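Features reported for this protein in TrEMBL:
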BINDING   GLY163, ARG164, SER165, ALA229  NADP(+) binding site
DOMAIN    5-118  domain 'Tetrahydrofolate dehydrogenase/cyclohydrolase catalytic'
DOMAIN    137-277  domain 'Tetrahydrofolate dehydrogenase/cyclohydrolase NAD(P)-binding'
Amino acid sequence: MSNIISGKELSNIILDGLKNKISKIKEKRLPKIAIVQVGDNSASNKYIKHKIKGANNIGMLNEYIKLKEDITQSELELQIKKLNEDTSVDGIIVQLPLPKQINANTINSLIYPSKDADGFNPTTIGNVVLNNTDIYPATPSGIIKLLEWKNINLVGSNVVIIGRSNIVGKPLANILINKSATVTICNTKTRNLEEIATNADILISAAGSANLINKNFINKNTVVIDVGANFIDGHYCGDVNFSEVGEIVKYITPVPGGVGPMTIACLLENVYKLYLKNN
Ligand code: NAD
């Protein structure tokens, strides 16, 4: 289908570019990402495996710190403080979700903005809102790159985002506002969701609800970005009923092979950017 926006293809272009730049580094020190995981969540294990593989493929150093499920807030904070002070580390990520005893906001606030590869620290988010940074949280960054890659107009476009999370919906909405899009952010309490969605030029679904987006949400000019990552009976799928809407819409990202690989590429790109700033 010619209306597919392949995140796999664009992420490979980004990763090849990073690999090329890292291979030319003359300084003694190479960029390094530290990945912190608490517990043994199976989806997290899978995502981290991809992040480590991606880092290895481009020649980026990586350190994987897997901590026990029942770690205390202060023990985890100590770990973050150590990584903050470790001059060999350029980017730190703490894989979400975290167990109930951990306050994720406090942990993200603790990561130095200069090492904030995921872009979840309040300072980083503030700079995104103020249009004062080139480091965006990885998933919103990947979505913007996909849209710009296909020359999809953002200026004056109606963009509808389903989902208002701190990691996708909120930062993405702010980036799009700064690019002069007209943005509507929806949540589970939104009334007339289908009607709002059908008026979108660009519909971005980050709800985490398989098959939410069907033909009642789209028209033939809609660009659909599917952020959802759902496991249904062991099958990995997005929020969009792809077989129902895929052939109608103007553009669509597949799952797998859409936003997911872009998130990893943009995360590693963030680490490389932080390396350049810190070196
Ligand atoms: P979340 O899970 O924290 O929250 C979901 C949001 O969607 C909430 O704001 C909720 O109000 C809204 N929502 C849920 N169902 C809705 C409905 N039926 N109608 C309207 N609004 C609805 O959000 P998240 O952490 O951004 O994750 C969203 C999805 O995106 C999940 O499937 C997650 O796994 C996926 N995700 C994928 C990537 C990737 O790289 N592919 C990255 C991040 C998140």
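Residue 1 is the first one shown; counting continues down the chain.
A Cβ is built for glycine as well, from the same backbone N, Cα and C atoms used for every other residue.
The Cβ of ALA229 (NADP(+) binding site) lies under 8 Å from the Cβ of ALA43, GLY208, TYR236, GLY238, VAL255, GLY260, each of which sits 6+ residues away along the same chain. ARG164 (NADP(+) binding site) has a Cβ environment of 17 other Cβ atoms inside 10 Å. Contacts of GLY163 (NADP(+) binding site) defined by a Cβ separation under 8 A and a same-chain sequence distance of 6+ are given as GLY169, ILE185, CYS186, ASN187, ILE204, SER205, ALA206, ALA207, GLY208, VAL227, in order along the sequence.
In sequence order, ALA206 are the residues of the chain that are 6 or more apart from SER165 (NADP(+) binding site) and have a CB within less than 8 Å of its CB.
Maximum C-alpha to C-alpha distance over the listed NADP(+)-binding residues GLY163, ARG164, SER165, ALA229 is 16 Å. Over the domain 'Tetrahydrofolate dehydrogenase/cyclohydrolase NAD(P)-binding' (137-277), the average per-residue pLDDT in this prediction is 97.
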